[in-house]
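As structure tokens, the structure follows; a few thoughts come after it.
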Amino acid sequence: MTGTGPHPGGEPARSGAEAGGRAAGAAAGGGEGETPFRSGFVALIGRPNVGKSTLLNQLIGRKIAIMSDKPQTTRTRILGVLNRPGAQLIFVDTPGIHKPQHLLGQHMVRIARRTLQEVEVICWLVEASDREPGPGDRYIAEQLAEVATPKILVVNKIDQVAPGEVSAIAERFRQLGAFVAVHCISALQGVGVPELVAAIEGLLPEGPRFFPEDMITDQPEAQIMAELIREQILHLTREEVPHAVAVQIERVERRPNGVVYVPATIYVEREGQKRILIGERGRMLKEIGRRARMEMEALLGSKIYLDLWVKVKPDWRNKQGALSNFGCRD
Ligand SMILES: Nc1nc2c(ncn2[C@@H]2O[C@H](COP(=O)(O)OP(=O)(O)OP(=O)(O)O)[C@@H](O)[C@H]2O)c(=O)[nH]1
Ligand SMILES: [Mg+2]
């Protein structure tokens with residue numbers, strides 16, 4: 001693992017750190033006669049579950065976005081900053097583009113589509129294991145056709161297919177659009193990722209260092225903690241439960257004995273879901289808490305006392321106010 005913490009000293013992310021926030025950066029380095037500094041925003045776009053967040057984490061070398069085998073894991077836009085000797089690449093992980101079933105889904109798809117307009121390079125991720133494009137991929141290809149930004153086709157999960165199959169699969173997806181490059185990778189194993197970074201860097205315009213070198217994400221610490229709890233719920237529950245969950249960190253209290261006390265509320269939509277999350281004699285909630293706490297301790301480097309509560313908020317995924325409260329910013 002490389003890099004420093006998400007925001008040193010546990011401070012919330014600095015403001016003005018939105019994608020496209022051109023005014024937010026410091027001046028570019030590089031004196032006269034030197035190679036100009038390059039920078040820019042790079043969107044990671046694709047259907048749910050294709051591995052966008054896995055790629056983001058692999059690129060940054062730290063877990064800043066949660067990952068799961070359930071579609072629609074990522075609900076908001078997450079920035080990951082990669083500093084290179086002469087460049088700064090700012091990756092924008094987005095929610096998977098899908099047919100929305102509720103207000104939350106609409107919001108997620110809107111974020112992903114809007115990001116397309118705000119970046120210098122688009123990486124469109126598809127799954128090699130699909131072998132050929134499906135309706136979801138074709139829909140995204142149509143959206144991409146309307147954007148003039150350079151696009152790289154990224155065929156992910158090549159570890160799941162025979163090496164001899166990869167180029168034929170990539171070719172089937174390549175026919176869906178105009179791409180400046182095609183990269184076949186395994187985000188999980190890191191295969192092909194350095195080559196992808198080099199290709200992206202070559203496409204970036206001259207520009208400033210937008211973020212300080214020690215900042216690797218715009219996610220506030222509390223938001224990452226909430227996501228780590230949600231990630232364990234995604235791993236441990238099934239069917240509609242994972243999607244009906246929102247997590248709110250009530251506060252982060254650093255106590256004199258060095259322990260960080262973190263009360264957090266898990267919101268679900270129905271009593272039945274609450275029962276599942278609590279589990280028999282509280283076993284499920286205890287396991288969620290145990291696993292999330294370990295991840296949080298690794299992130300903060302201090303001991304955590306995680307105090308989890310479960311509450312019902314009927315139909316929160318269709319309520320604008322609830323979405324804003326749960327950090328689903330637009
Ligand atoms: N075998 C294999 N699995 C991968 C690879 N990349 C991602 N995965 C798995 O694919 C699943 C989805 O990964 P995510 O990174 O959460 O996918 P995502 O595109 O961010 O999904 P959403 O946030 O729902 O849009 C997880 O179970 C990952 O472990 C890969 O290169 N190879
Ligand atoms: Mg994701």
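Glycine is treated like the rest: Cβ placed from N, Cα and C.
Marked as region 'Disordered' by TrEMBL: 1-32.
The compositional bias 'Gly residues' feature in TrEMBL is assigned to 18-32.
If you look at the region 'G1' (46-53), the same-chain residues 6 or more away from its ends with a CB under 8 A from one of its CBs are 65-67, 69-74, 78, 93-98, 124-127, 134, 136-137, 140, 156-157, 187-188. Taken from TrEMBL, the feature region 'G1' covers 46-53.
The region 'G2' annotation in TrEMBL covers 72-76. Secondary structure of the region 'G2' (72-76), assigned with DSSP and counted as helix (H, G, I), strand (E, B) and coil, comes to 0 helix, 0 strand, 5 coil.
Long-range contacts of the region 'G3' (93-96) within the same chain: residues 43-50, 52-53, 56, 65, 71-80, 108-109, 111-112, 115, each at least 6 residues beyond the stretch ends and with a Cβ under 8 Å from a Cβ of the stretch. Look at TrEMBL and you will find 93-96 tagged as region 'G3'.
Within the region 'G4' (156-159), the DSSP-based counts of helix, strand and coil residues read 2 helix, 1 strand, 1 coil. The region 'G4' annotation in TrEMBL covers 156-159.
For the region 'G2' (72-76), the list of distant contacts is 48-49, 52-53, 65-66, 93-96, 98, 104-105, 108, 111, 231, 234, 243, 327-329: same-chain residues at least six beyond its ends, Cβ to Cβ under 8 Å. Secondary structure of the region 'G3' (93-96) per DSSP (helix as H, G, I; strand as E, B; remaining residues coil): 0 helix, 1 strand, 3 coil. Counting residue by residue with DSSP, the region 'G1' (46-53) contains 2 helix, 1 strand, 5 coil.
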